[in-house]
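Taking it in order: structure first as structure tokens, then the write-up.
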């Protein structure tokens with residue numbers, strides 16, 4: 001590992017003012033136990049085996065600024081680089097994001113969770129915690145700055161907040177100035193919520209990712225907004241977690257951002273001389289366009305496609321121009337007032353169109369919304385929030401969110417053949 005050393009520092013998150021809208025826990029009814037890998041439907045849609053014939057992400061380092069990473073998880077053993085951040089992960093959220101990026105799939109004789117870039121490495125920075133957090137409003141900003149000073153070229157921020165903190169804004173600007181590719185969760189909210197700007201996704205230059213389901217439509221908790229740059233799978237996503245069974249099923253833009261970070265790691269593995277701006281341009285240019293005009297408030301420039309991103313041979317544009325800056329005039333560029341940070345704004349009101357919802361791939365809904373069968377048994381948990389500005393991570397206490405997870409238990413059965421599933425999402 002190269003790069004200048006960075007300071008050891010215990011990181012905390014602001015409780016009571018920062019609203020983090022992330023994937024949270026819950027349970028799904030299921031009828032059959034199957035392998036974790038067989039439930040990663042998006043890898044099949046992406047034709048990931050063909051992609052891995054070109055690269056598996058070797059040489060790429062992704063900084064995960066999150067709740068930490070459990071380095072003892074079988075699918076992350078050997079995948080995580082030493083960090084001066086606080087070790088471990090008591091929440092499990094950061095572990096899940098790391099597994100989606102660089103999971104090795106080693107569990108159960110290769111039937112664990114595979115990251116998009118399994119040969120890449122994770123550099124964790126424990127900066128947010130809903131259970132063990134402190135009251136330092138600069139914690140996330142500190143984590144971003146540490147990541148900016150690290151060898152990682154990609155910074156994954158699977159967090160979103162209704163508050164725009166100057167420290168976080170400055171930290172993101174610092175990271176961009178250092179040549180880092182900053183990828184953030186586009187935000188999670190139910191249909192009735194006014195889609196006000198979320199941060200750090202709304203900061204200029206950040207690649208903000210929204211979540212879509214296996215039909216290519218917005219995930220159940222997806223938001224709309226001018227800050228959305230791309231979309232990626234973010235519903236029924238299996239990954240590593242803190243549960244005793246070590247695997248959970250989740251939904252949200254956190255997953256979409258992590259998967260996009262994995263795709264960026266693949267691109268940078270093949271083109272190590274490119275800048276972050278050029279990687280962004282390649283991801284945008286090769287995205288599967290939605291049925292609505294782009295950039296779309298729902299899908300951005302479209303659904304990320306690792307196969308097309310690696311197959312393209314055109315020049316990815318100037319090295320020193322971020323294609324996300326100065327393109328969309330409605331993208332928030334200045335901090336809102338304190339009142340605007342916590343209250344819906346008219347400018348971000350949901351669309352009033354009654355037309356059928358668009359898809360990220362230009363295909364229509366076939367009426368199927370399949371649940372991933374992972375654990376024998378049934379259970380359901382719905383977590384409701386106590387307020388609009390309470391930080392939560394993994395245990396969402398927000399009335400706006402209802403998330404689902406299913407632990408996966410061994411023994412590992414023989415996986416089924418590649419899915420001829422009833423789905424319309426085509427991310428290839």
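Yeah, the Cβs are placed from backbone N, Cα and C, and that goes for glycine too.
Because TrEMBL annotations are produced automatically, they should be read as predictions rather than curated entries.
Feature annotations, reproduced from TrEMBL:
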ACT_SITE  66  active site, charge relay system
ACT_SITE  93  active site, charge relay system
ACT_SITE  254  active site, charge relay system
COMPBIAS  408-420  compositional bias 'Pro residues'
DOMAIN    57-302  domain 'Peptidase S8/S53'
REGION    310-364  region 'Disordered'
REGION    402-428  region 'Disordered'
TRANSMEM  370-391  transmembrane segment
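Structural mapping of features recorded in TrEMBL.
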residue: 66; record: active site, charge relay system; DSSP (3 states): strand
residue: 93; record: active site, charge relay system; DSSP (3 states): helix
residue: 254; record: active site, charge relay system; DSSP (3 states): helix
* Structure fact -> Rounded to a whole number of Å, the separation of the Cα atoms of residue 254 (active site, charge relay system) and residue 66 (active site, charge relay system) comes to 10
* Whole-number Å only: compute the distance from the Cα of residue 93 (active site, charge relay system) to the Cα of residue 66 (active site, charge relay system). => 7
* Which same-chain residues, if any, lie at least 6 apart from residue 66 (active site, charge relay system) yet have Cβ under 8 Å of it -> 89, 93, 94, 97, 98, 124, 125, 126, 127, 128, 156, 158, 159
* **Neighbour tally for residue 254 (active site, charge relay system), based on other Cβ positions within 10 Å of its Cβ** => 38
* **Segment-level pLDDT (mean, integer) for the domain 'Peptidase S8/S53' (57-302)** => 92
